[in-house]
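As given in Swiss-Prot:
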type	residues	note
TRANSMEM	13-33	transmembrane segment
TRANSMEM	61-81	transmembrane segment
TRANSMEM	99-119	transmembrane segment
TRANSMEM	129-149	transmembrane segment
TRANSMEM	158-178	transmembrane segment
TRANSMEM	181-201	transmembrane segment
TRANSMEM	209-229	transmembrane segment
TRANSMEM	259-279	transmembrane segment
TRANSMEM	297-317	transmembrane segment
TRANSMEM	330-350	transmembrane segment
TRANSMEM	367-387	transmembrane segment
Amino acid sequence: MIKNLSKPFKWFFQLEAASGLVLLIAAIIALVISNSSLSNLYFDTLNQYLFIGINDFGLKLSVHHWINDLLMAIFFFFVTLEIKREFIQGELSNLKKALLPIIGAVGGMVVPALVYVFINLGNSETLNGWAIPSATDIAFSLGILSLLGSRVPISLKVFLTALAIIDDLGAILIIAFFYSGDLSISYLSLILISYILLLTLNKFGVKKFIPYLIIGAFMWFFTYKSGIHATIAGVLLASTIPHRIKEKDFSLLIKLEHAISPYVAFIIMPIFAFANAGVSLEGLSLTSLLEPVPLGILLGLFVGKQVGVMVVSFIAVKFGVAQMPDKSSWLSLYGVSILTGVGFTMSLFVGNLAFAENIQYIDGVKIGVLAGSLLSTVFGYFILLYASKK
């Protein structure tokens, strides 16, 4: 039964096996260009401002912000659709299996933060970066996992997707409560009203996407203006899309999954990678990794993440609180735990907010995030590759 229910998820990740390579190529090209004679063109293009709206109603954002706030809201919308279906009738419909990524995400946020704090004790300025290694870059971690294709069971891909979504929601909440300026109560109220309207559409069984899309677009605008990262609007919208078990492959949720998955896999994710992987390495050196900020981030991402996710998951399974994903081993779960240390763009984003008043630490953030994410990518990939052969 699970095999039949997971067909849409398998279908998407078969696409992802190809798109993971496209994403990796896009990231490498961006990194090369941003450290070449074309770097000014690259950064100037991303920093160009575009106005989208009607008359005075709209937003004027840089190309980079449109990609990170709008396109990634669509990405979060898609992966939340996937996870919602898995909670209703798939891999996560079993409570004990559903609890594992939730518990793992908590460990994956707390332990890296503790590692960073331990290394930066005594320095009130650098302690402000405690949340940097707590984030997971969902697009890159899934992209790396997808390179392994069918050698990784669908259940582990579901586990990583669910964990990364929870992780990123945690990061968004951390940003909202610890690093944001004043949150707008009026816009937060409008978000709540929008969400209630969406739930009402779901309650009355509205199966046309247009009403959801219109309200969702306004909710995205309200979310952006509220001071909370706008990608959360994609999660909220997806959570209200109707799906009933008896509808099988004909629900609005399933139709949307199939309709937008190739665009997410081959357009949105590569564009995101190209726009965010371009980090200038000028002035960075490996010796600077020994400084408290980069060392705390490096160890938080590469050590703290895998220890946090793996240890709490192991304890939860051994005490019967949670259940292992189907067809997975402890070694393969460990490999996925390492991949959660790919913090990359989310960690860089949190780092820029954490040290907005102390920009002298930004270079340290960059090298710490790049080193920690790279180590997590390489070790996670090869551990999973080895586990697939056993």
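Yeah, the Cβs are placed from backbone N, Cα and C, and that goes for glycine too.
Taking Cβ pairs closer than 8 Å, the transmembrane segment (330-350) reaches residues 68, 104, 108, 112, 129, 131-141, 144-145, 152-153, 156, 159-160, 163-164, 167-168, 171, 174-175, 179, 272, 276-277, 279, 297, 301-302, 304-306, 309-310, 313-314, 324, 365-366, 369-370, 372-373, 375-377, 379-381, 383-384, 386-388, 390 in its own chain, all 6 or more past its ends.
Spatially, the transmembrane segment (367-387) is not adjacent to the transmembrane segment (61-81); fewer than three Cβ-Cβ distances between them are under 8 Å for residues at least 6 apart in sequence. Within the same chain, the transmembrane segment (99-119) stays apart from the transmembrane segment (181-201): fewer than three Cβ pairs sit under 8 Å, each pair at least 6 residues apart.
Spatially, the transmembrane segment (61-81) is not adjacent to the transmembrane segment (181-201); fewer than three Cβ-Cβ distances between them are under 8 Å for residues at least 6 apart in sequence. Non-local neighbours of the transmembrane segment (209-229) in the same chain are 59, 69-70, 73, 172, 175-176, 180-184, 187-188, 190-191, 194-195, 197-198, 201, 236-237, 240-241, 252, 256; each lies 6+ residues outside the stretch with a CB under 8 Å from one of its CB atoms.
Note on the transmembrane segment (181-201): residues 211-212, 215-216, 218-219, 222-223, 225-228, 233, 236-237, 240 of its chain, located 6 or more positions outside it, place their CB under 8 angstroms from a CB of the stretch.
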